[in-house]
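Take a look at the structure set out below.
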Amino acid sequence: MAVPVFSKVSVSFGLFVGLALLVGLVAGARFEELYQPGWAMDHFVYEGEVLKLKLDNYSGAGFGSKSKYMFGKVTIQIKLVEGDSAGTVTAFYMSSDGPNHNEFDFEFLGNTTGEPYLVQTNVYVNGVGNREQRLGLWFDPTTDFHSYSVLWNQRQVVFLVDETPIRVHTNLEHRGIPYPKDQPMGVYSSIWNADDWATQGGRIKTDWTHAPFITSYRNFEIDACECPATMAAADNAKRCSSAGRERRYWWDEPTVSELSLHQNHQLKWVQAHHMVYDYCKDTARFPVMPAECEHHRH
């Protein structure tokens with residue numbers, strides 16, 4: 001068995017130190033401790049605790065985690081491209097490998113100056129996505145850093161913005177609907193040109209006279225079960241589960257198995273006031289409602 005990585009466990013998880021040593025919990029680290037550049041290293045700028053990725057008409061840039069994880073929470077504080085960001089996309093996501101991969105996406109869709117950013121979320125299960133939702137934010141994400149998180153356990157996947165839930169994907173295996181719970185996932189982020197679709201359906205193109213477009217990052221946190229690459233997925237799934245253990249891992253605690261009443265109210269507020277697209281309501285695209293839409297609280 002590979003020796004797990006253990007670094008900078010926060011005080012709030014002190015009760016789980018012993019368990020963390022077993023599963024490789026990591027939290028609150030510098031970029032280089034958890035991540036590494038994936039492509040276009042000359043488009044990375046390091047300014048103290050802040051990492052900046054640049055997009056120009058030559059290239060975008062991206063990074064990925066050094067390890068893969070199964071269950072837990074990942075968070076990055078991001079400040080999005082200022083000014084005219086039309087045609088650009090900044091993504092923050094978790095993904096496993098292979099054609100039947102699982103994936104949880106945040107995609108931040110740029111816009112013309114003065115027009116709001118849209119956030120698109122998506123969930124892939126066994127290689128199948130097409131579960132897009134889009135919403136506007138209740139703040140300007142270009143003027144300051146904000147926290148974006150994915151919480152993942154065997155009961156639900158929760159997308160959070162500044163700890164406010166904006167989407168929940170619940171486990172409905174009891175209804176015959178697959179749920180992503182058996183593939184370790186890496187954590188990734190990138191910026192790239194997507195002016196064929198990103199802004200107003202591709203009508204607004206990237207204005208390269210405003211390049212470079214810059215997305216900034218800080219406060220990288222991963223509180224999750226680290227999965228050794230040498231271990232089989234099934235063994236990792238068993239290792240990251242509380243089944244048969246005297247004490248639960250924090251991601252299996254009842255308090256995170258579903259939203260609290262307050263979180264449910266927050267989610268409903270986001271859906272009522274900020275959601276602009278939900279695939280579950282797109283009858284032109286899906287004449288037959290996707291099975292999970294009949295039961296999910298998105």
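Each position is counted from 1, following the chain as shown.
Glycine is treated like the rest: Cβ placed from N, Cα and C.
Per TrEMBL, active site, nucleophile is recorded for GLU103. For GLU103 (active site, nucleophile), the same-chain residues 6+ apart in sequence whose C-beta sits under 8 angstroms from its C-beta are TYR93, MET94, SER95, SER96, ASN122, VAL123, TYR124, GLY129, MET185.
TrEMBL lists GLU107 with the feature active site, proton donor.
Taken from TrEMBL, the feature domain 'GH16' applies to 1-217.
Among the features that TrEMBL reports, N-linked glycosylation site is placed at ASN111. Taking Cβ-Cβ distances under 8 Å and a sequence gap of 6 or more within the same chain, the neighbours of ASN111 (N-linked glycosylation site) are SER85, ALA86, TYR117, LEU118, THR199, GLN200, ILE204.
Long-range Cβ proximity for GLU107 (active site, proton donor), meaning a same-chain Cβ under 8 A and a gap of 6 or more residues, is found for VAL89, THR90, ALA91, TYR93, VAL119, GLN120, THR121, ASN122.
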